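Everything below concerns the one structure shown next.
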Amino acid sequence: YIDAETMHLHHDKHHQTYVNNANAALEKHPEIGEDLEALLADVESIPADIRQALINNGGGHLNHALFWELMTPEKTAPSAELAAAIDATFGSFEEFQAAFTAAATTRFGSGWAWLVVNKEGKLEVTSTANQDTPISEGKKPILGL
């Protein structure tokens with residue numbers, strides 16, 4: 001459970017600030033385009049003067065956008081395909097939950113816990129600091145907290 005005040009703070013304040021700051025950085029280099037996923041998948045391609053701003057704020061935007069997209073008022077189950085992949089990777093849904101909970105609760109300071117598809121196409125639980133995104137590590141996030 002996440003209370004309404006915390007949700008409001010993250011949606012209307014934090015996320016909006018990430019969007020505003022990412023847009024301000026992108027305005028300095030219109031030649032690189034606005035595809036944050038592509039840019040953050042290859043951070044070395046981002047001009048040095050805006051690189052950290054895009055890592056921080058672009059990552060914050062993408063992380064929160066996925067978080068909002070996945071949020072539902074009702075409890076939902078993973079698709080049959082994802083459930084099978086979770087069982088194959090972790091042994092059971094309960095073992096996945098334990099790994100995901102550990103990734104979330106052992107993150108020192110602020111950050112995210114993730115279920116990602118790694119470069120080898122396999123599921124993996126990982127954690128990133130602050131607003132770092134697994135996209136920058138060549139991973140596709142499918143669940144984030």
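Any Cβ shown, glycine's included, is placed from N, Cα and C.
Owing to the predicted nature of the structure, the values given are computational and were not obtained by experimental measurement.
Annotated features, as they stand in Swiss-Prot:
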- His10, His64: Mn(2+) binding site (BINDING)
- His10, His64: Fe(3+) binding site (BINDING)
- 126-145: region 'Disordered' (REGION)
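For His10 (Mn(2+) binding site), the count of additional Cβ atoms within 10 Å of its Cβ stands at 15 [all protein chains shown]. Counting every protein chain shown, 20 other Cβ atoms lie within 10 Å of the Cβ of His64 (Mn(2+) binding site). Sorting each residue of the region 'Disordered' (126-145) by its DSSP state yields 4 helix, 9 strand, 7 coil.
In the three-state DSSP scheme, His10 (Mn(2+) binding site) falls into the helix class.
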